[in-house]
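Participant: I grabbed these lines from TrEMBL:
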type	residues	note
DOMAIN	59-210	domain 'Yip1'
TRANSMEM	70-89	transmembrane segment
TRANSMEM	101-122	transmembrane segment
TRANSMEM	134-156	transmembrane segment
TRANSMEM	162-184	transmembrane segment
TRANSMEM	196-215	transmembrane segment
Amino acid sequence: FAGLADVSISEDILVEGEITVPVGSRSLDEDYSTLDEPVRDTILRDLKAVGKKFVHVMYPKKSSALLRDWDLWGPLVLCVSLALMLQGGSADSKDDGGPQFAEVFVIIWFGAVVITLNSKLLGGTISFFQSLCVLGYCVLPLTVAMLVCRLVLLAGSGTVSFIIRLIVVAAMFGWSTLASTAFLADSQPPNRKALVVYPISLFYFVISWMILTFTPQ
């Protein structure tokens, strides 16, 4: 196999947040895999990877961390948490809020799928699941906004409460939009970025509107 000796891997590739087992130098007698490691180590490694992605979202910058080592565990947790906090908020609800949970869950995932398909049709270079990962993780600021709004509503639902919630939701809406576009910017054609940013903004705006108009029963 001539030429294989010249193949090398760049050492400046950022590997933090990787959810797979790190590849390192091992002896010939050592055959290590996830099947050989303790379950505790596997869970801790995956939790650490998810936590690092949360940090990337809360401190948005131009990075490919969420694209390279994508997963859907974080988006699933955020979606379920947001749907649980939003359930039972409809004034015309006649039950315990079960349908509201389903509505929020479907809106988030269906919206993310539509945005991903739009990105691919416009010539995006990322995979389907990479886009779902980024859009799902960037719901984190809005989930924080929902938590703050519920705490504010415990003190009352007057004008002051609405203004506080409006400021918080607007700030977190901007945060989610900027974070998602920072991660997806390089994967879109330069002349079509506006066509990608618009549906992303609309997606997070719908979620923000549900949070802002939430009124507990």
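Note: Cβ is positioned from N, Cα and C throughout, glycine not excepted.
Could you tell me the structural context for the features on the list?
Facilitator: Within the model, the domain 'Yip1' (59-210) shows a mean pLDDT value of 80, rounded to a whole number.
Away from its own ends, the transmembrane segment (101-122) comes close to residues 75, 79-80, 82-84, 86-87, 128, 131-132, 135-136, 139, 184, 187-189, 192, 195-196, 199-200, 203, 206-207, 210 of its chain (Cβ-Cβ under 8 Å, at least six residues beyond either end).
Remote same-chain partners of the transmembrane segment (134-156), defined as residues 6 or more beyond its termini with a Cβ less than 8 Å from a stretch Cβ, comprise 53-54, 56-58, 66-67, 70, 72, 74-76, 78-79, 81-82, 85-86, 108, 112, 115-116, 164-165, 168-169, 171-173, 175-176, 179-180, 183-184, 200, 203-204, 207-208, 211-212, 214-216.
If you look at the transmembrane segment (162-184), the same-chain residues 6 or more away from its ends with a CB under 8 A from one of its CBs are 56-57, 60-64, 66-67, 119, 124, 126, 131, 134-135, 138-142, 144-145, 148-149, 152-153, 196-197, 200-201, 204-205, 208, 211-212.
Within the same chain, residues 82, 86, 89, 91, 104, 107-108, 111-112, 114-115, 118-119, 122, 124, 135, 138-139, 142, 145-146, 149-150, 153, 157, 165-166, 169-170, 172-173, 176-177, 180-181, 184, 188 sit at least 6 positions outside the transmembrane segment (196-215) and bring their C-beta atoms closer than 8 Å to a C-beta of that stretch.
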